[in-house]
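Participant: Below you'll find the structure I mean.
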Amino acid sequence: MGNSLISLLSIFHLLVLWGSSVNAYWPPSPGYWPSSKVGSLNFYKGFRNLWGPQHQRMDQNALTIWLDRTSGSGFKSVKPFRSGYFGANIKLQPGYTAGVITSLYLSNNEAHPGFHDEVDIEFLGTTFGKPYTLQTNVYIRGSGDGKIIGREMKFRLWFDPTKDFHHYAILWSPREIIFLVDDIPIRRYPKKSASTFPLRPMWLYGSIWDASSWATEDGKYKADYKYQPFTAKYTNFKALGCTAYSSARCYPLSASPYRSGGLTRQQHQAMRWVQTHSMVYNYCKDYKRDHSLTPECWR
């Protein structure tokens, strides 16, 4: 009886320790869920194929796109927006995906070639046994064209993005850009000047493509097409905001309960946890960079 009781207490102690360990590696609740304020959008009503139509398949309202040796694929929103909430549930492919980029992003590249704005969520493919890297980026007025001035922040997620769908979103307002994962803010990019913030209308895009020259460990590992096709699945599309044609009275959704924007204290705590435990690169802390080109880092 005594030994049995000791064994049970030992098991209970281990479970408590295990639970504490799990919670230690999971962000605290943000306390507010902006995705719940936006209804899902039928893919055919909100988007169109951009390229690689033969590498795109719909099953009800779940979209699969894939990359093989012949082509990748991409889609684009029908409407351009000047602000709004943009998201989707995405599930990534496990295994060897080095060199492959899966993305959800805002851009006006087709409207302003060589001088465009862009706000990115990109999943950088990986090798066996290593996690994906989620890269967020902001380009302003051609900083992604020719002379690259990226504003990258990279994260290793606290879950396996190949096991299930998770919701990834960009909330873009005239004051700030907030990147969210399952409604947890992971990055806030405030407007500090017109020269460092995208203000022109953009479209929402998604794509899968070969970026072997840089995607995985700066191009060390390339796409290997013996593992093709490389797939990505999207569902629960959300795109709600002020279009390029909306009146000046149109007001974008906020990431928090505050109509004026910003984040609550609880959301800040969740974001701080992510940036402490999951962020692996911050362009503002890269001292090899010329930060005269990124003045928002020192203002």
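Every residue, even glycine, has its Cβ placed from backbone N, Cα and C.
Straight out of Swiss-Prot:
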type	residues	note
ACT_SITE	GLU118	active site, nucleophile
ACT_SITE	GLU122	active site, proton donor
BINDING	GLU122, 135-137, 145-152, 213-214, ARG289	xyloglucan binding site
DISULFID	CYS242-CYS250	disulfide bond
DISULFID	CYS284-CYS297	disulfide bond
DOMAIN	25-234	domain 'GH16'
SIGNAL	1-24	signal peptide
Participant: Consider the recorded positions ILE149, ARG151, CYS284, ARG289 and say which one has the Cα lying nearest the Cα of CYS242 (disulfide bond).
Facilitator: ARG151
Participant: What is the total of other Cβ atoms whose distance to the Cβ of ARG289 (xyloglucan binding site) is within 10 Å?
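Facilitator: Within a 10 Å radius of the Cβ of ARG289 (xyloglucan binding site) lie 15 other Cβ atoms.
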Participant: When a 10 Å sphere is centred on the Cβ of CYS250 (disulfide bond), how many other Cβ atoms does it contain?
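Facilitator: Counting Cβ neighbours of CYS250 (disulfide bond) within 10 Å gives 13.
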Participant: Write out the long-range same-chain contacts of ARG151 (xyloglucan binding site), meaning residues 6 or more apart in sequence whose Cβ is under 8 Å from its Cβ.
Facilitator: ASN137, VAL138, TYR139, TYR189, TYR283, THR294, GLU296
Participant: Using all protein chains in view, find how many other C-beta atoms are within 10 Å of the C-beta of CYS242 (disulfide bond).
Facilitator: 21
Participant: Note down the number of other Cβ atoms within 10 Å of the Cβ of CYS297 (disulfide bond), including every protein chain shown.
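Facilitator: Summing over all protein chains shown, CYS297 (disulfide bond) has 17 other Cβ atoms within 10 Å.
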Participant: List the residues of the same chain that sit at least 6 positions away from THR136 (xyloglucan binding site) in sequence and have their Cβ under 8 Å from its Cβ, in sequence order, or write 'none'.
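Facilitator: THR136 (xyloglucan binding site) has long-range Cβ partners ASP120, ILE121, GLU122, GLU152, MET153, LYS154, PHE155, PHE179, ILE186, ARG187.
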